[in-house]
Amino acid sequence: MNQANTHSRRTFAIISHPDAGKTTLTEKLLLTGGAIHLAGEVKARGQARRARSDWMKIEQQRGISVTSSVMTFERTGANGETITFNLLDTPGHEDFSEDTYRTLTAVDSAIMVIDAAKGIEPQTRKLFEVCRLRSVPIITFINKVDREGRDPFELIDEVADMLALDVVPMSWPAGMGGLFEGIWSLESHRLSQPEGEAKEYLGNAQAFDGLDDPELAETLSADALEKLQEEAGLAAEAYSDFDVEAYRAGDLTPVYFGSALKNFGVEELIEAIATHAPPPRPQPAEPTEIAPDGKDVTGFIFKVQANMDPQHRDRIAFMRLCSGTFKRGMKLTPSGHGKPIAVHSPIMFFAQDREIADTALPGDIIGIPNHGTLRVGDTLSEKNDVRITGLPNFAPEILRRVALKDPTKTKQLRKALDDLSEEGVIQVFYPEIGGQWIVGVVGQLQLDVLVSRLSAEYKVEAMLEAAPFETARWISGEDSVLDSFARISQANLAKDRDGNLVFLAKSTWDVGYQEERNPEIAFKATRER
Ligand code: G4P
C-alpha cells in the first residue's frame, strides 16, 4: 500500500465533561467538514429501526446517548490529497465511561473540550488519563468564550498543572462574554469576528500583519486590542513554540479558544487535526506491533452494539482497521476462536452515499454484522498470527447480586449475562462458592440498562440486590501462592466470563490490606483483554 493511503485518515474522538459542548462541537465539525452522514441514522432500517427506537427509550428518558457511532467527513489537504476524518463519538455520560474508554483505544488522537467558565472537570480528567495510558495526543479546545469565562492564562495553566502537559496556545480570545470581539490566531495572524445578530463566525476571517498592524486598530476596539496585544505578548514569552513531535508523543497539547455554539475555532480545529494530528499509528500487538502500512489486513473490535433487531439477536461489531486494505468479502479470523469469517456486508461509515462499500483503509471503522461471534477485544486478521494488546477492562465500581423472580430461568440468565458481558454492557462474576451471580458496572445507569435488556431481550425478570462487595480486582500470581490465598479467601473469589480469577473486595481498603498481606499476588484494577 502506498503511504498516501495510510496517511489519509485522521481517526479521533472528543473527550469532555458533560455539558462542556461536545455535542455542539461535533455538529459544527460535521457541518464545517460537510459530513457525509451520521452512521447511526443509516444503519437502522425497517424492523431494525423500530427495534432500535424502542431501545432508544432509555436514551430518551435519560436524555443521553447510550450508543456511540462513527461520523466521517473529508477535506482536501494542503498537498491536494483527500483527508478523511473519522470522528468516533464517545458517550459523554459518566455512567458509560467503560464504553467510552474502549472507544478511546480505537483513535489516534483526541480533542479535549473544556468549558471556559469551569476549567478541567472530573470526567475530562478521567478520560484524559485513559488517553495518557496510550499516549494519545490531545488538542485542547477551550469552549464557550462567547460567555463570561475564566482568565485564559489561568485556564491554560490549569491544563498544564492538572494534566502535567506542556501547553502551547495557538489562538487567543479578544475578550470573553459581553466583551468578546473575536479569536486571534497566534499562528496565522487571522482574526475571526462575530457577525450578524447572532454574533456568529460566518467564515470571514481576516489576515493581518501581526498585532501591530494599523488595520487591526480599526477592526477591534481600543480596549480589546490593547488587552490582546498585552496578553498575546505575555503568552509568547510564557509558553514555548509548538512542537509537533512532542504533541504526537502525548507530552504537549496545543490550546485553541473558541465557541462551538457560535462557530469560533472550529475551522482551526479541523486544520489542526489535518495538519498536526497523527495518521494511523502503529498498534501494540503480539508478537510484534502492527505497522499501518503492513500488507495484511488486521483490526480489532472495540465495541459491539447489539439489539439492532432483537428477533435475530443481530449485533454490529465495530472494528478499527490497523493495517492493510480491507476488501468486501474478505475472510478474517477472530483471535477469540480461530474460525475464519467472511465479511460480506461490512458497514463502512466513510462510504459517501452507500452503506456498503468495497474497501477500507487503516484508521477506518467497519461495522461487521454478526450473531455474537465477535467480542470486544478480538483481533481480526488474515492469517490469525497476531493479537492486539492493550484493550483494558476496568474494575467495576458497583457490584450487585442478580436474583431471579422465576428460578427456572437460570439457564437463560446465564446466557444473557454472558452475552451482555461479552458486549461490554456489564461484567459478570461467578463466585467460587454460592450460586448467586454478581454483576459489576462502572455506573448506575448500566444497571437500569441491564434489567431492561434482560426483560426485553431474554424474557428474564431479575432483581438486583446489594452484594457484600464494593469492588473487584483481577488477581494473578504463582499457582501455589494463589492456592493458599484461595484457601483463606474463597468466599471472596470468583471467575469472570473468561475464567480469570477475581478477588471481590468489601472495600478499597480491603484491597489495600490484601495487597499488603500478599505481596506475591498482583491485584489489578484493569485487565487487558
Ligand atoms: P455536551 O455534549 O458536552 O454535554 O454539551 P452540549 O454540546 O450539549 O452543550 C451543553 C450546553 O452548552 C448546551 O446548552 C449548549 O448549547 C451550550 N454550549 C455549547 N457550546 C457553547 C458555546 O460555545 N457557547 C455557549 N454560550 N454555549 C454553548 P443547553 O442550554 O444545555 O442546551 P440547549 O437547550 O441550548 O441545546
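Each residue, glycine too, has its Cβ placed from N, Cα and C.
Noted in TrEMBL for the protein shown:
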- 7-281: domain 'Tr-type G' (DOMAIN)
- 16-23, 89-93, 143-146: GTP binding site (BINDING)
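Taking a Cβ distance under 6 Å to any atom of ligand 1 as the criterion, the binding-site residues Ser16, Lys22, Thr90, Val145 reduce to Ser16, Lys22. Note on the domain 'Tr-type G' (7-281): its mean pLDDT in the predicted model is 84.
For Asp19 (GTP binding site), the same-chain residues lying six or more positions away in sequence with a CB closer than 8 A to its CB are Asp115. Counted within 10 Å of its Cβ, the other Cβ atoms near Val145 (GTP binding site) come to 27, all protein chains included. Reduced to three states, the DSSP call for Val145 (GTP binding site) is coil.
The Cβ of Lys22 (GTP binding site) has 24 other Cβ atoms within 10 Å, all protein chains considered. Annotation note: Lys22 (GTP binding site) sits in a helical segment as assigned by DSSP. Just so you know, the Cβ of Thr90 (GTP binding site) picks up 24 other Cβ atoms within 10 Å once every protein chain is counted.
Reduced to three states, the DSSP call for Ser16 (GTP binding site) is strand.
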